[in-house]
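Notes to accompany the following structure.
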Amino acid sequence: MDVVSQLQKQFVDYSTSLYREGFLDDQFVQLQKLQDESNPDFVVEVVSLFFEDSEKLINNLASALQQQIVDYKQVDAHVHQFKGSSSSIGAQRVKNACVAFRAHCDGRNLEGCMRCLQQVKFEYSLVKSKLETLFKLEQQILAAGGSIPVLA
Amino acid sequence: MVMATDSQFHVLAVDDSVIDRKLIEKLLKTSSCQVTTVDSGSKALEFLGLHEDDQCDPKQQPSVSPNNHQEVEINLIITDYCMPGMTGYDLLRKIKESSSLRNIPVVIMSSENVPSRINRCLQEGAEDFFLKPVRLSDVNKLKPHMMKTKLKDLEKPSKQEKQGEQPAAAAAAESPQPPPQAQSPQPPPPAQSPQPPLVQPQQLHSAEPPQLQANNTKRKAMEEGLSPDRTKRR
């Protein structure tokens, strides 16, 4: 197998596993469908925005939960935003972690919220590294002169 | 005056999330629309040339072209519901209360599937309600709504064609709409219906805006009940 085919196979296997393991859902497929020659970096751009946004949200959440008197409405607002952005890019596990988080906000349960924040951070860092790996594979394929396989 | 020369529709998209703005912009551009995005309701109003204290300004002509005091013609406004400060619903109301802007179709987006919220928006005159994440198939349904503003220069398309069916709609609107979850495999908003009737300019009255608004409220509820099975009562 030549280099390109090898890389392409790696890419397909890796992508498939991300969907199978629930890191990504169909919304990510939708993003890829929107990418075209007029905007060949669309997915990377959106995901980069997501990374930036998420890091801010995580910081805001940590800070909000550290207040003497926790403003759960504010915490919930941040989580709502995070849930929205993760849903928009197809980061399913992060989204699910946010859903669980909101339940604890509703219950004004500080310990629950702290645990959920850890969970969200964990899921976020996982999906971030997986997406970065995926993008790297894409770049390798392109650099080797190949095209990126489209998952059916 | 016919605006037929301007072939591209121009959409104003309002969302406080930078990611969602990027997404909706791409979706709309893929659908061959010109797009302007803003991050708040107040910026939207500013762009539309409406200052927040401008309501039903009697100096505005009962518009032949409603956007005559703006530089840009907007064919549709699509806005997120949950935004800090002015919500999408607040923005919708301001637009519908404005004599100059009320004829611009407004579509609401939300990540939350709350039937009462959806109904409230539709009652206030929103053309449609999309659940996020929004897809290309949703955006493709916008064209009929946008056509109205082009045809506007000919006549005001009224929703009179639906009038006969209002009683059914009222019933439909009263009953809790089949919770969107029950309606179909995915959780689409109730408003996933083909809308050819909207495009028809044939209802040639100079229908007064208040009528338009009243018809709007029924029409959306009706469409959910009517389509695809027009006979279905809910």
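Just so it is clear, glycine is given a Cβ too, placed from its N, Cα and C backbone atoms.
Automatic prediction, not curation, is the source of TrEMBL annotations.
Features as listed in TrEMBL:
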COMPBIAS  B:150-164  compositional bias 'Basic and acidic residues'
COMPBIAS  B:166-175  compositional bias 'Low complexity'
COMPBIAS  B:176-199  compositional bias 'Pro residues'
COMPBIAS  B:220-234  compositional bias 'Basic and acidic residues'
DOMAIN    B:10-147  domain 'Response regulatory'
MOD_RES   B:Asp80  4-aspartylphosphate
REGION    B:148-234  region 'Disordered'
### Mean predicted confidence [pLDDT] for the domain 'Response regulatory' (B:10-147)
88
### Summary
For the domain 'Response regulatory' (B:10-147), the DSSP helix/strand/coil residue counts are 52 helix, 25 strand, 61 coil
